[in-house]
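Features reported for this protein in TrEMBL:
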- 60-101: repeat 'WD' (REPEAT)
- 102-144: repeat 'WD' (REPEAT)
- 145-186: repeat 'WD' (REPEAT)
- 187-228: repeat 'WD' (REPEAT)
- 229-270: repeat 'WD' (REPEAT)
- 271-312: repeat 'WD' (REPEAT)
- 313-354: repeat 'WD' (REPEAT)
- 355-387: repeat 'WD' (REPEAT)
């Protein structure tokens with residue numbers, strides 16, 4: 001049984017530790033001081049980023065041909081860019097220097113990822129129908145995963161860093177073994193392209209979102225489809241598990257976001273309010289809040305328990321293609337076609353800061369784990385580092 005305790009920067013630590021001790025028989029009296037120490041450290045981390053202002057640190061013209069994606073390693077010490085030039089490049093964040101170029105794909109490198117939290121491997125998915133696994137340190141290609149019959153458009157490592165999942169325009173997803181490079185299982189059942197996939201934290205389930213309007217929940221070990229989440233009336237844009245693997249959130253072109261019980265596959269709620277397509281959805285790191293972004297130019301924050309809208313983020317002058325929380329949960333970052341990224345207070349919905357300077361639509365944005373560095377990727381073909 002997983003106990004969930006709530007804490008913020010003003011919680012009384014003594015009271016919280018008593019609650020934890022009552023619920024957790026493994027935490028004996030002799031361990032109490034150690035737990036207090038850990039909770040105080042955690043509390044300090046939560047309070048750190050409250051009034052942090054971000055400044056432009058570097059502008060990188062990463063590739064001559066268009067960028068497709070950007071991603072940080074966990075600490076944010078380096079990041080990767082994918083491009084139409086068929087390469088993925090690794091960059092040092094602090095210096096803005098290119099560390100290495102990963103060459104070998106025969107078409108657009110579209111989907112890219114680090115195997116966070118480790119960050120020693122990189123996966124690239126391409127329109128050449130293959131996925132490649134690389135060493136982040138040396139740039140060596142460990143494996144080329146072949147088998148898809150159309151473009152690979154999404155990929156993900158499991159948190160345990162033993163598998164890579166790839167989703168393709170061929171309507172299938174595949175799971176690949178990182179060690180031996182073999183295909184472990186093929187996930188078949190969708191009737192249209194798979195454009196989103198996400199492992200749960202424990203790594204025993206994966207979800208795939210498709211243009212066929214459904215999301216499928218699969219057993220990772222057997223490749224068996226456990227549930228089909230039916231309810232959306234248009235293409236799925238985004239799908240994610242919450243941290244304790246109990247809920248799934250889905251966003252769709254039908255202007256709604258839906259919340260599902262991950263165990264039973266039943267719909268728990270429909271989150272309405274947007275006037276146009278929902279382009280991105282995410283949970284905060286604890287799974288207590290959901291953020292949605294839309295083509296209507298607004299974003300919304302919902303309480304996952306009450307399903308109520310707790311904040312409306314209004315101010316962008318164009319559609320918002322990406323939304324994410326910082327790991328502390330104190331900020332939301334959005335990327336828009338209005339050429340800006342914005343930072344918001346998720347409690348009040350107030351815009352804290354506008355990150356200006358890109359000269360075209362921003363399609364990608366991310367925090368590092370500490371929440372003190374931001375990366376944005378734009379159709380102006382630059383990445384910007386803010387810190």
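Keep in mind that glycine also has a Cβ here, set from the backbone N, Cα and C atoms.
Values in this document were obtained by computation on a predicted structure and should not be read as measured data.
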Cβ pairs under 8 Å only, please: of the recorded stretches 145-186, 229-270, 355-387, which one is richest in them relative to the repeat 'WD' (60-101)? 355-387
Report, as numbers and ranges, which residues of the same chain sit near the repeat 'WD' (229-270): CB under 8 Å and 6 or more residues beyond its ends. 2, 4, 192, 195-202, 205, 207-211, 213-217, 276-283, 285-287, 290, 292, 294, 302, 304, 307
Which residues of the chain, 6 or more past the ends of the repeat 'WD' (313-354), have a CB below 8 A from one of its CBs? 45-46, 48-50, 53-54, 276, 279-286, 289, 291-301, 360-367, 369-371, 374, 376, 378, 380
Residues of the parent chain within Cβ reach of the repeat 'WD' (187-228), under 8 Å, 6 or more residues beyond its termini: 150, 153-160, 162-163, 165, 167-175, 234-241, 243-245, 248, 250, 252, 254, 260, 262, 264-265
Looking only at the repeat 'WD' (271-312), how are its residues distributed among DSSP helix, strand and coil? 0 helix, 23 strand, 19 coil
Give, as a single whole number between 0 and 100, the mean pLDDT over the repeat 'WD' (355-387). 96
